[in-house]
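This report refers to the structure that appears directly beneath it.
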Amino acid sequence: MAQALLVPPGPESFRLFTRESLAAIEKRAAEEKAKKPKKEQDIDDENKPKPNSDLEAGKNLPFIYGDIPPEMVSEPLEDLDPYYVSKKTFVVLNKGKAIFRFSATSALYILTPLNPVRKIAIKILVHSLFSMLIMCTILTNCVFMTLSNPPDWTKNVEYTFTGIYTFESLIKILARGFCLEDFTFLRDPWNWLDFSVIVMAYVTEFVDLGNVSALRTFRVLRALKTISVIPGLKTIVGALIQSVKKLSDVMILTVFCLSVFALIGLQLFMGNLRNKCLQWPPSDSAFEINTTSYFNGTMDSNGTFVNVTMSTFNWKDYIADDSHFYVLDGQKDPLLCGNGSDAGQCPEGYICVKAGRNPNYGYTSFDTFSWAFLSLFRLMTQDYWENLYQLTLRAAGKTYMIFFVLVIFLGSFYLVNLILAVVAMAYEEQNQATLEEAEQKEAEFQQMLEQLKKQQEEAQAVAAASAASRDFSGIGGLGELLESSSEASKLSSKSAKEWRNRRKKRRQREHLEGNHRPEGDRFPKSESEDSVKRRSFLFSLDGNPLSGDKKLCSPHQSLLSIRGSLFSPRRNSKTSIFSFRGRAKDVGSENDFADDEHSTFEDSESRRDSLFVPHRPGERRNSNGTTTETEVRKRRLSSYQISMEMLEDSSGRQRAMSIASILTNTMEELEESRQKCPPCWYRFANVFLIWDCCDSWLKVKHLVNLIVMDPFVDLAITICIVLNTLFMAMEHYPMTEQFSSVLTVGNLVFTGIFTAEMVLKIIAMDPYYYFQEGWNIFDGIIVSLSLMELGLANVEGLSVLRSFRLLRVFKLAKSWPTLNMLIKIIGNSVGALGNLTLVLAIIVFIFAVVGMQLFGKSYKECVCKINEDCKLPRWHMNDFFHSFLIVFRVLCGEWIETMWDCMEVAGQTMCLIVFMLVMVIGNLVVLNLFLALLLSSFSSDNLAATDDDNEMNNLQIAVGRMQKGIDYVKNKIRECFRKAFFRKPKVIEIHEGNKIDSCMSNNTGVVEISKELNYLKDGNGTTSGVGTGSSVEKYVIDENDYMSFINNPSLTVTVPIAVGESDFENLNTEEFSSESELEESKEKLNATSSSEGSTVDVAPPREGEQAEIEPEEDLKPEACFTEGCIKKFPFCQVSTEEGKGKIWWNLRKTCYSIVEHNWFETFIVFMILLSSGALAFEDIYIEQRKTIKTMLEYADKVFTYIFILEMLLKWVAYGFQTYFTNAWCWLDFLIVDVSLVSLVANALGYSELGAIKSLRTLRALRPLRALSRFEGMRVVVNALVGAIPSIMNVLLVCLIFWLIFSIMGVNLFAGKFYHCVNMTTGSMFDMSEVNNFSDCQALGKQARWKNVKVNFDNVGAGYLALLQVATFKGWMDIMYAAVDSRDVKLQPVYEENLYMYLYFVIFIIFGSFFTLNLFIGVIIDNFNQQKKKFGGQDIFMTEEQKKYYNAMKKLGSKKPQKPIPRPANKFQGMVFDFVTRQVFDISIMILICLNMVTMMVETDDQSKYMTLVLSRINLVFIVLFTGEFLLKLISLRYYYFTIGWNIFDFVVVILSIVGMFLAELIEKYFVSPTLFRVIRLARIGRILRLIKGAKGIRTLLFALMMSLPALFNIGLLLFLVMFIYAIFGMSNFAYVKKEAGIDDMFNFETFGNSMICLFQITTSAGWDGLLAPILNSAPPDCDPDAIHPGSSVKGDCGNPSVGIFFFVSYIIISFLVVVNMYIAVILENFSVATEESAEPLSEDDFEMFYEVWEKFDPDATQFIEFCKLSDFAAALDPPLLIAKPNKVQLIAMDLPMVSGDRIHCLDILFAFTKRVLGESGEMDALRIQMEDRFMASNPSKVSYEPITTTLKRKQEEVSAAIIQRNYRCYLLKQRLKNISNTYDKETIKGRIVLPIKGDMVIDKLNGNSTPEKTDGSSSTTSPPSYDSVTKPDKEKFEKDKPEKESKGKEV
């Protein structure tokens, strides 16, 4: 940006591009080339200049450049971007100021930039009409493409289109050049699309290619051109492509997992799905004779039986005839069966034979790897998987349910949600980046503006004026608001105005937010050094670096800046304190240009800002970060307040005045800029839309205003809305005349009321102001629609207008915050989704057209393959609408059935490709993006801040008034009573007053302390007490004044930081001690409530402390009764000191110790499990098993007695108060009551009563008692209970949302689903035979006028229907009925009402996608909030599991292990070296993969030869793996069995060898051994560590490992829910009629079957089928007198209400809650795992550290000698690696050494880690934690106390050297003295020799010391000071001290 300023922006910057310009460019390029070779090495990619992002081609010219002179529009201009100064380019600007960049070389080698032809081409290209023309062409073309059989004349239209496209491309090629240089035609990927489309068009036209329709489909790509034309779409497509890139890892993992599962499926179920029930051939056939021989297996090669009697029976033909198989009614495929005991059985007269093809046209099977893979993909996407599940269980046996459980939970839930997590993160990152970029631009523009202003001021203003203006600009940036006309002169006024208006709001927000934001905020993170350089240039233009901010040093200014920051609203929930540390580092670069004092001041300022940001509830941003006007207004006020306070001193006063004047100016300008319309419109509005005629009118107006604006009127209107909704919901079929007339009158009345409200409001407010408010416009529209509907009520076909009345429901949003928020969220995401929806529409359109073009014909020609009547089925692709419906259905996740049809008619490959593309692109990516957007607009702010202002809305005011009134009346009555009866109320009052007082004083006392704490400075010299203080204050409030939370919700969140999360971890000890005293003083405080808004909890006591406290508790049970009881009945309290009281007390103590004993608890848990297990036996066979029945009856009694005893014990031990205040105890109490009641009833002989029977079913709740006993489940339940309020809120809103659709459905379809059915065949009559109800009646008994089971006859039924549509289960039948419906009492006709499909499409988009995903949003959001409450730990985990989790997170607890010693034997040694090399490992992995490949090749019907080959290959593998095992055993000796993987390998090898010899035997009794080979694939996980590229996949697996504990708990809870529902289902639905989804295998007859059914519904699959038979309530649907042999129960009718409740509640609990919790956990852990992997140090680095360590410390002493340290550091991998020469760095690390110059591994690890991460508080915390762990795991370290450190040692050595040197010098001097004394006596010789000798000595000494010196001095500088920016001075000084001292020593 700064370089752009070289050419001053404004009109002067545009220069026409001429020959001279070209020459100049060439000259510059040549100069650069000459310079380049020297510099080439220095320039990294990072620091190369980059093109300016504001001046990219395609963007609009920045406002700063002003208007383009008219003569320069569409002309070649010199490039504005300095980056292109020496590159051959020029730009062209069109009228709309869009930038087009061209290459300045000759296009097509002939057209130079100034060639007239090229100029004309450019003019056409840049003109806006040109792109409009292309756009229209594309759209028209799309319309033509949707025609399924176009008329002949369209051929010519086709030519026209091709012509236009060719013209477009030619223009582009002429203007740009073809492909050689940058910015030419083919350099833009979007142009490739155009080019290929045109080439295809000509090829299909002139070359006869046979299958043209396939090529014609390529024309569809033209629709994609819309993307290249509309600007917003490119970015969305960019985001999509980004997310797909991100998905690569997940995709690889998914494919891998699916392959593994597919292999397992292949091994388990190969060929199973072909088992069918075959009719035993009739006795007269030749078959009977041959049966024996058949079973002896003498079949010849073509399947004919050869027999001695020579009569042949052609078995093959018999099997091939489908009519011999057993087929159920309404099914296409024969019934499957299996030979296992738990598999499906055949009816009498049939046998189970493997024959014929697989189900579903042969496409569902596990026969080859590819089909198995398809089946698993289908399982993963959960499409119609219940069918696959049922088929497989039928054919293979019920035990294989385990396989499906694994695949659904690990494959489906985990992988699909990972995809979601990745997409959401990609979206989030994209968002972050764009936001930061925007902020950076903002800042840069800001700078440029100031620059411009300064230049202009200097140029124009008189000295006095300039002085004044300088004064303005001094005030924290408010001066920037000033823009007078004189300034605008340089920018042509129009563009300036435009620019100003466009950004005024935004800037106002910026300034008033924080007058001076901390520097770090102003330039966000994403900056290359280059931009900093640019900025330095920006500043220096003014001649003084950081010109704008230097003024901060004046005291007033600094005051202002701090104050200003007080008013800055919190950005959004995500900007936490932590972000400041990161930012400050980045700021460093900027502070380089400031002088020292300034930068530190500025810096500490920014730190302080971060702490004192108060939380202002009124100023939450709306989700998309914009600021509402009210907020701007508030903020403006706040800045006034500041200036008022500043008026105290004169300079302040002066400034405040100027602020005021500036603000008024700005306000005026703002008002002007707000006006959207021309002034004449305002004149008109003033006259006609503001009614102030005469006084009497004004009085009327005032009166009306009083009435209409009163809160009670609002309340009344709200009640009317609710009533109106009720009236609309009461419509049903069949309705009596009276009822419908009541509804009609009601509607008229309500319409009247709403019309009156609107008219009165218009009178009161004037139309002009009335229509300024959104809600009023909404009201107006609805009222006018209602009036219109009254007028047009009788017009045929306009009944739809009635549904507009439903929109009235939305008026509730005004007073119902959650609904309002929800509508806002949907609104926001629809806004953000606008582009996305367009992309989705384009994708759907393209695929619909492709499908129609490719498969349309085939559907027509081969229709008999998929439909016996040879009529097109409902789902086909023969025309565009149906094709669109199929694509939409695929987007809903239902692709497999339509794909089978497609594959059957149009061939497998193409269909697979197209459907998979739609599935992957559409479903996975786009819908997930949808979800990501929804979740991102769901920040916790939205939920908490329901209203923009904290004002109460009218409704609340009205209700409050009523409440007050009621309270007043109550109090009056109470007082009368008191006066009458009591004479001493005063005493009590005083007493209460005292109480309150004491509370208050206590409160203030605590706050007092906290205030002192506030200013305890910690080591950093900054005030960290804020955290402490506010958290303490909060506790107090928490304890005493609950109401204050309700009245002032902001209180709960006022703790911006609590102690543990402040930036400054090293708090002083004194502070902590005072904290702890405080805590003691409030022992009652419950730990969980300690700090709701904060993320840090009070530290739990250490284990030792707990142990001491517990025994005290044990001795004393609580009081029996509450204080209230004791007051009323004093005899409840007994003295425990003597007599009976003492005995009672001892009894209680005994009970207490029993109840608290571990064994007691264990015993009770055991009993609970047994009693729950007993319930599972009560299935339909219980009548036949008499012994079991009697046993269960006795057991039941025993259990009941035991539980009653337990309850009594607990009552005595805990007292009623404690027992009945615990929710879990209540649960126990109620469940015991149920057992008690049924026991008593049985004893009295009432057991057959209906009420008692239904009570018995409540025994199913018994397992719930296990909840409180298993911590894992209890944790999850607590989390869930916490989420219930918000889940209920959203549920209510969804119900309201659905209500609208339900009422609409009733309006559209009530009573129209009835149809006439032939009783004998069960099929529907054709309209030609039966037209209406009376025709059907005429046919008598053989016909029946029947309704569809799930219909829209009333609102309740509508809800059920909508639930089926929303879960996509059973929705087809409802949709078919709707589409076929004609009118009430008319026989339906096939697709008569085709466009009713759209009702369902709309509902699915809004009712299903939005509302169901909102649940996910709410649940995730809630758990995040609860997580904050629980101190940032995962709430689904128990303490134990948290430990595991932490261990997983940091494997720092690893201690160095002894490596396996190398064997002494030479041969063994060689083998050992070979085996321990990485190459060996990798080669084994490759072998494993190859082994898998050979397993994949296996198919069901392979030839004998193939089988032989495969078995030989398998043999080879067994030999190889045995070889590996032997080699390892030889070299590793007994150590081989110390490694888990080795044991696994050993088992697999043994099994394989045994399996070779005993294959038949094992397969018969066990699972086939091939399965174990599949498990071997898990070993691949080991190589992931060796591959650098696999980091992403490792992250994903790590996320899974981290989620396991939590997922296990959720799984347990789900199992419990399933268990209860299974028992409930058994007792209610065991005997229903077998039809639809209930049959002989899938039913509720036994516990196992119930579980199988419930597991299937957990994913909401096929619940409609299970519900259907239960909806049969009367004959002829079912038989109430049906007899069930072996049981006394009669009838097979269901109970619809119980059934609906059962299934709906189960679906809501399991699907919405448990499954979504699953999603929440995975999303959470995925983000944690990605953060972990993004951190500079990961687990693997620690592992690698220890692996290298083992080599240097073979005996695992945990110490290493100092001399080896250098080699060790050099042997590590990065990032811990310290390459040689590293002595200096190592010494500087100051490592502690123990005797023998040894260093401990942890110390080294810490020093190295610190080097990577830099100093930080967290580091110390981590260090302590790791040391504790280390000590725990190996106590040996204690004995070695460090005696010195490396740095000390070096200093000692250096010091010693210095001392020695000085001493030598001293000796030398002495010597010289002596010599000089004896000088005279010496000869000349001696005199010459000695000095020489002395010199030599000195030289030697110096020579000695030089390396030392360099070493020492550099050691102090070697570690880079990470905290020069972030740490305040004091600490810096302290840190420097030792370094300076050491320097001093060395000198």
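Residue positions begin at 1 at the first shown residue.
For all residues, glycine too, the Cβ spot is worked out from N, Cα and C.
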Membrane_side_equal(Val1275, Thr1499) from Swiss-Prot:
no
Quick check on the record annotations: which of Asn307, Asn835, Asn1725 is tagged N-linked glycosylation site by Swiss-Prot?
Asn307
By the record in Swiss-Prot, which of Asn296, Asn1020, Asn1874 is the one labelled N-linked glycosylation site?
Asn296
Where Swiss-Prot marks N-linked glycosylation site, which residue is it, choosing among Asn302, Asn1002?
Asn302
What does DSSP give as the helix, strand and coil breakdown of the topological domain 'Cytoplasmic' (236-249)?
14 helix, 0 strand, 0 coil
Where DSSP helix means H, G or I and strand means E or B, what are the helix, strand and coil counts for the topological domain 'Extracellular' (856-880)?
11 helix, 0 strand, 14 coil
With a Cβ cut-off under 8 Å, give me the same-chain residues at least six positions beyond the ends of the topological domain 'Cytoplasmic' (175-188) that come close to it.
57, 87-89, 101-103, 105-108, 111, 118, 121-122, 124-125, 169, 195
What same-chain residues lie close to the topological domain 'Cytoplasmic' (1213-1218): Cβ under 8 Å, and 6 or more beyond its ends?
1117-1122, 1148, 1151-1152, 1154-1156, 1225
Using DSSP, what's the helix, strand and coil tally for the topological domain 'Cytoplasmic' (1213-1218)?
6 helix, 0 strand, 0 coil
Using DSSP, what is the helix/strand/coil residue split across the topological domain 'Cytoplasmic' (817-834)?
18 helix, 0 strand, 0 coil
Intrachain residues whose Cβ lies under 8 Å of the topological domain 'Cytoplasmic' (236-249), provided they are six or more past its termini:
227, 419, 422-423, 425-427, 430, 835-836, 838-839, 924-926, 928-929, 1592-1593, 1595-1596
Note the mean pLDDT of the topological domain 'Cytoplasmic' (1273-1285), expressed as a whole number.
81
Tally of residues which DSSP labels helix, strand or coil - the topological domain 'Extracellular' (897-907):
10 helix, 0 strand, 1 coil
